[in-house]
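Each remark here refers to the structure printed beneath this line.
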Amino acid sequence: MECTNNKHPFLFLFWLVFLTPLVCSQLYYNFYDSTCPNLTRIVRYNVLSAMNNDTRIAASLLRLHFHDCFVNGCDGSVLLDTTSTFTGEKNALPNKNSVRGFEVIDTIKSALEKACPATVSCADILTLAAREAVFLSKGPFWVVPLGRRDGTTASESEANNLPSPFDPLENITAKFVAKGLELKDVAVLLGAHTFGFAQCFTFKARLFNFGGTGKSDPTLDGSLLQNLQNLCPNQASSDTNLAPLDPVTTNTFDNMYYRNLLNNSGLLLSDQALMGDNTTASLVNTYSKWPLLFFRDFAVSMEKMGRISVLTGQQGQVRTNCRILCFYYEFNVDALTA
């Protein structure tokens, strides 16, 4: 039995590369084929609608998926709200006033609850939404193995330890390795910074006080430096201003990120740091020349990331509202009818 195909002509190369079994680490490519056959169509329609209303949302959905998977696995925990009795992850420093896209997931979940109630997990919805966000931004398509269950816990402390734009490459790599990924995945997944925006505080030190010198980062392209200093003046009120991670093709998923790095135009210091390691610098050079190779490797790394510590089978639950846990109660029927 073959995986479900997509007749977009651009995808032919990927099907040659990604002919894989239907079963993948207790996840299945055909998991919802009979229980929710319109799943992909519903997710795609709602992600596209959101993109038409907000050009930033595609990159935000991809980042939301990353922040979910790197905290105790891809279990939808990032979507849970904090309440008086439950501490979620939304108020962790890397997430607060930063991650977004929750309303899009809510909308998709609501549509799916009408089409196939209590069937599709929030973790799977987020994984699919991230894939669609990339694909609809002219990036690669990959087949997503499904069957994740939603977690019943969250960890603000783990969320505070997410890979950071302030981390050196060695620390970022260590955090990837701890999740079963490797250095190549670092170079590939950072390529997601080919679209989207970053707040000024995440890179402002490069503009005005690099390494405590009181000067700008000497490796930063001069023209880009001037533009960023105008966008992010050296005052606290500019900290939340937004700058494009890729000023050339800001809302398109392509390989421009790597071409920018070769021109010393990486926005975040953690991005430009890829040029300081022989292995990652070689990958940057390769991906800058061969966009289809980057697309192929990005799809592979995304699928790897999407399998981090997943819950399957009878583990976890399937939430009917992605923001709150489901609670199941067992009643003694004889007692109720006595």
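The backbone N, Cα and C atoms fix where each Cβ goes, glycine too.
Note that the structure is predicted; figures quoted are calculated from it, not measured.
Of the listed cysteines (Cys200, Cys322), only Cys200 is recorded by TrEMBL as the disulfide partner of Cys232. The disulfide bond recorded by TrEMBL for Cys36 reaches one of Cys3, Cys74, Cys116; that cysteine is Cys116. Using Cys322 (disulfide bond) as the reference Cα, a 10 A cut-off selects Ser77 from the binding-site residues Asp68, Ser77, Thr249.
For the disulfide-bonded residues given as Cys116, Cys200, the lowest number of other CB atoms within 10 Å of the residue's CB is seen at Cys116. Predicted-model confidence for the domain 'Plant heme peroxidase family profile' (26-326) is 97, expressed as mean pLDDT. The subset of recorded positions (Asp68, Val71, Asp75, Cys232) lying with their Cα within 10 Å of the Cα of His193 (heme b binding site) is empty, i.e. none.
The two recorded residues Cys36 (disulfide bond) and Glu89 (Ca(2+) 1 binding site) have their Cα atoms spaced 29 Å from each other. Spacing of Thr249 (Ca(2+) 2 binding site) relative to Cys116 (disulfide bond) is 38 Å (Cα to Cα, whole number).
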